[in-house]
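Taking it in order: structure first as structure tokens, then the write-up.
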Amino acid sequence: KEICLNPGALSTLDSITLMYPFFYRPMFEVIEDGWHSFLPEQEFELYSSATSEWRLSYVNKEFAVCPSYPPIVIVPKSIDDEALRKVATFRHGGRFPVLSYYHQKNGMVIMRSGQPLTGTNGRRCKEDEKLINATLRVGKRGYVIDTRSLNVAQQARAKGGGFEQEAHYPQWRRIHKSIERYHILQESLIKLVEACNDQTHNMDRWLSKLEASNWLTHIKEILTTACLAAQCIDREGASVLIHGTEGTDSTLQVTSLAQIILEPRSRTIRGFEALIEREWLQAGHPFQQRCAQSAYCNTKQKWEAPVFLLFLDCVWQILRQFPCSFEFNENFLIMLFEHAYASQFGTFLGNSESERCKLKLQQKTMSLWSWVNQPSELSKYTNPLFEANNLVIWPSVAPQSLPLWEGIFLRWNRCSKYLDEAYEEMVNIIEYNKELQAKVNILRRQLAELETEDGMQESP
Amino acid sequence: LTHIQNTELETYFTSNKSLTGTLYLTATHLLFIDSHQKETWILHHHIASVEKLALTTSGCPLVIQCKNFRIVHFIVPRERDCHDIYNSLLQLSKQAKYEDLYAFSYNPKQNDSERLQGWQLIDLAEEYKRMGVPNSHWELSDANREYKICETYPRELYVPWTASKPIIVGSSKFRSKGRFPVLSYYHQDKKAAICRCSQPLSGFSARCMEDEHLLQAISKANPVNRYMYVVDTRPKLNAMANRAAGKGYENEDNYSSIRFQFVGIENIHVMRSSLQKLLEVNGTKGLSVSDFYSGLESSGWLRHIKAIMDAAIFLAKAIMVENASVLVHCSDGWDRTSQVCSLGSLLLDSYYRTIKGFMVLIEKDWISFGHKFSERCGHLDGDPKEVSPVFTQFLECVWHLTEQFPQAFEFNEAFLLQIHEHIHSCQFGNFLGNCQKEREELKLKEKTYSLWPFILEDQKKYLNPLYSSKSHRFIVLEPNTVSFNFKFWRNMYHQFDRTLHPRQSVFNIIMNMNEQNKQLEKDIKDLESKIKQRKNKQTDDILTKELLHSVHPESPTLKTSLCFKEQTLLPVNDSLRTIEGSSPADNRYSEYAEEFSKSEPAVVSLEYGVARMTC
């Protein structure tokens with residue numbers, strides 16, 4: 001379970017089926033099979049009570065329309081499967097726009113997709129335009145948030161990609177935000193880890209290395225974009241469509257973080273697990289490629305990128321600013337980070353649902369959720385300060401508010417003894433408070449009973 | 001009292017909105033009341049600088065920077081009003097005489113004996129007794145009783161008993177400003193001492209037998225280790241340069257039992273400009289992560305903090321590991337020496353980590369030994385080159401320790417911030433003046449109040465709920481000074497920019513819960529005794545009833561218990577927490593934010609001044 005600090009050949013096993021999860025035999029009793037804990041149908045039920053504008057589509061049942069999508073997706077009711085097939089040919093990787101989040105408060109939605117394949121000659125797709133407009137209510141406008149800078153998006157046209165021309169999507173306004181991708185992120189992580197691991201750095205060198213890693217700049221970019229999306233939904237009452245190029249990395253960071261900000265349910269343990277299942281695993285984030293090696297490994301692999309770790313870091317940043325609004329604690333996030341990179345469970349194996357299906361993970365491996373959701377495990381990850389907060393939570397994105405996540409990056413380099421003891425003391429105070437309250441309540445009831453008894457004795 | 005209506009307070013780091021209200025100028029404060037009747041108070045003494053910017057269409061902008069790191073931007077509609085206010089503030093914020101400072105007019109409605117009691121709360125003679133002096137090695141010297149030897153030292157000084165008055169006098173003549181080596185802290189367990197002084201007037205080769213004798217007396221006062229460290233807190237280059245001016249540092253060859261060591265803390269001028277750079281960076285609109293860190297680096301601020309911390313650790317180690325006494329000095333021995341001696345003692349002795357002990361520490365190593373508070377804080381209109389954040393750095397070092405050792409301190413961050421507030425406020429007498437002699441001449445104890453009793457009265461606010469008071473006095477703190485352990489102290493330098501802070505404070509919740517737990521414990525006791533009473537009464541009643549049934553069928557006294565009221569059960573911690581979602585308008589996530597928020601009312605809380613926030 002420990003992260004391999006010096007990953008050699010073992011951590012780059014070519015054949016997935018030779019990996020640990022296929023040989024791991026659980027030594028615990030499975031109370032709830034995690035493979036069935038978060039079914040798309042159940043998730044949809046949560047929405048269907050609030051709206052009838054959306055439907056489940058099984059158009060991707062055989063993974064034929066979009067290899068990186070799950071078999072079941074949520075799409076506008078008015079768009080039939082035939083249209084979806086056509087739209088898929090117009091979107092990168094066949095990733096036609098699907099529902100990511102429905103904001104119950106005002107009915108606005110977050111959708112995500114791959115980039116439109118407009119190319120240099122400005123190709124159009126009537127069905128795509130129809131689908132996107134179908135998500136808007138009468139007289140409403142929407143925002144397309146492109147996670148690339150305008151420049152990068154324009155360059156993408158040369159390779160057949162592109163972005164929505166406002167002339168063809170008149171009700172939509174496009175906003176470009178720049179979130180870095182792939183090797184730039186990986187290099188950033190390598191630099192950061194290197195800076196953290198050298199304890200001999202003097203102050204100037206440490207600060208300049210921390211700055212040069214750009215890690216916190218990426219955190220700020222991602223959080224800012226997520227906040228912008230949430231702001232469109234909650235404050236502007238406008239729906240948003242989010243995509244970058246493939247729609248499997250920065251897109252998912254933004255859609256999932258926006259939900260953390262907007263949706264109280266996603267700040268609970270179950271809700272967060274569901275979010276990861278929906279917005280990362282089923283949405284086709286290529287975990288196998290992105291987390292091929294240890295996060296601490298400093299050699300480059302082509303598709304390696306700490307996209308998921310950045311997401312977790314952003315969640316930690318929000319958790320730090322709203323320490324009572326999350327049901328889980330920092331350890332939960334660290335645990336997810338560990339399992340995304342190396343795990344005895346099958347959950348994060350493969351790059352998409354279709355790959356996971358082919359590998360028969362459900363039959364051959366154990367789900368992480370089966371393990372984590374046992375009461376004894378959950379207690380480690382429960383935030384003692386949690387109190388449901390039904391508000392939208394807006395984090396600060398100023399550099400002064402975004403510290404380094406020491407629990408991850410300095411965990412092997414700092415002594416956390418005193419911090420751990422202080423945490424324990426805090427838990428003790430909270431537990432003691434609960435105990436005292438319970439005792440007071442019992443005593444009050446007891447006294448009340450005695451008083452009535454006395455009254456009864458006296459009344460006849 | 002003058003006032004100007006329709007003044008706008010810009011919340012401009014946050015969003016391009018502002019709050020309209022009325023600006024009042026009182027004798028002591030600048031007050032802004034907005035249309036929601038929210039008040040912003042700014043003490044004149046807290047104003048570090050006032051700046052009038054170029055006239056705009058909406059009025060005349062006025063920027064006020066405060067010593068507690070609050071920055072406010074006003075827009076005054078008429079330029080003439082702005083000019084008047086500007087001039088008044090310039091005058092009011094810089095007083096020429098001590099007697100014009102707030103402390104001399106501040107009246108908390110206490111009588112003279114209460115005032116005196118307040119001043120007697122901290123008794124340094126008592127503190128030296130607690131340390132274990134006088135004893136067979138150390139004694140109270142009356143050499144400076146009349147401030148004849150050193151004007152900037154206190155009257156009562158502790159020296160080795162073997163140091164006779166001629167030796168002291170001789171040594172003082174060989175030390176800058178007459179600040180000869182005296183005891184700062186005595187470690188009872190190790191029988192080792194921290195002593196302090198100023199630099200020797202050694203030039204390139206001068207010697208002084210009395211000074212050499214005094215140092216030897218100090219090393220001999222330590223029965224375990226006859227070697228002592230002489231720690232020069234300056235960078236070696238600075239100390240060497242001082243030799244040309246007839247000052248300098250000790251030559252190991254001339255002193256029989258010393259080990260000499262430089263620790264390289266920069267001087268007050270470097271520290272002043274370092275803080276200035278730090279504040280400039282943090283005041284930038286739309287600050288990027290990379291500008292923030294490169295600014296933090298180039299300011300050198302955290303490097304300086306680390307240097308001070310490392311020096312204090314050197315002291316603690318010398319005493320704990322080598323059992324050696326240490327003599328600390330810088331140039332005059334009232335800035336860096338105060339930082340290092342006080343921080344070193346705080347690492348060694350857990351008493352200084354309590355609320356009362358920390359007050360004692362400040363009184364001893366800072367106030368009594370003549371840290372020039374009035375000059376360093378710019379209380380009066382004086383030489384700006386004398387201003388320097390030396391004490392602020394000390395507080396920051398302590399804050400870093402509280403971060404590394406969350407359970408070692410009885411007090412919390414609010415305590416440090418409150419003290420910082422008052423070194424500049426001039427509301428209490430403690431920090432006025434530059435040395436004890438000056439304070440006596442100002443008759444501060446008769447004319448002003450001491451801060452400490454007021455803090456103790458409010459003690460609850462300053463308690464660390466996680467504090468674990470260990471019984472052993474000499475539990476030494478061993479902080480780790482790897483660079484990554486030093487972080488920007490947001491709650492100090494942005495204490496008024498609430499949008500930058502976590503929206504929910506774990507600390508406050510735990511603090512309130514601790515309070516509530518105490519109340520609950522009391523409630524339980526009350527309830528248990530009531531139940532016991534009731535039960536006893538019942539058994540008594542049964543007995544009485546059995547005995548008196550025929551005689552007295554109804555007891556009228558018991559009738560009262562019939563009126564039983566359903567008591568509401570205690571609410572779960574609802575009242576303890578304020579849940580905040582805050583607002584996207586506080587955070588400027590995009591260039592579209594302005595457009596987005598047109599219809600939205602301003603959500604920024606004025607109470608905290610101007611929030612500096614960008615994306």
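Note that Cβ sites are derived from N, Cα and C of the backbone, with glycine treated the same way.
All annotation found in TrEMBL is predicted automatically rather than curated by experts.
Quantities reported herein were computed from a predicted structural model and do not represent experimental measurements.
Annotated domain 'Myotubularin phosphatase' per TrEMBL: B:118-493, in sequence order.
Using a 10 Å radius centred on the Cβ of B:D332 (substrate binding site) and all shown protein chains, the other Cβ atoms total 19. In the three-state DSSP assignment, the secondary structure recorded for B:D332 (substrate binding site) is coil. The feature substrate binding site is assigned by TrEMBL to B:N267, B:I268, B:C330, B:S331, B:D332, B:G333, B:W334, B:D335, B:R336.
Sequence-distant neighbours of B:C330 (substrate binding site) (same chain, 6+ residues apart, CB-CB distance under 8 A): B:S198, B:Q199, B:D232, B:T233, B:R234, B:I265, B:R336, B:T337. Residues annotated as active site, phosphocysteine intermediate in TrEMBL: B:C330.
Positions annotated as coiled coil by TrEMBL: B:510-537.
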> By a simple count, how many Cβ atoms lie within 10 Å of the Cβ of B:N267 (substrate binding site), its own Cβ left out?
Replying inline: 17
> If you draw a 10 Å sphere on the Cβ of B:W334 (substrate binding site), how many other Cβ atoms land inside?
Replying inline: 26
> Around the substrate site (B:N267, B:I268, B:C330, B:S331, B:D332, B:G333, B:W334, B:D335, B:R336), what further same-chain residues have their C-beta within 8 angstroms of the site's C-beta centre?
Replying inline: B:S198, B:T233, B:R234, B:T337
> In Å, how large is the greatest distance between any two Cα atoms among B:N267, B:I268, B:C330, B:S331, B:D332, B:G333, B:W334, B:D335, B:R336, the listed binders of substrate?
Replying inline: 12
>> Just to be sure I understand the packing, how many Cβ atoms besides its own are within 10 Å of the Cβ of B:R336 (substrate binding site)?
In response: 29
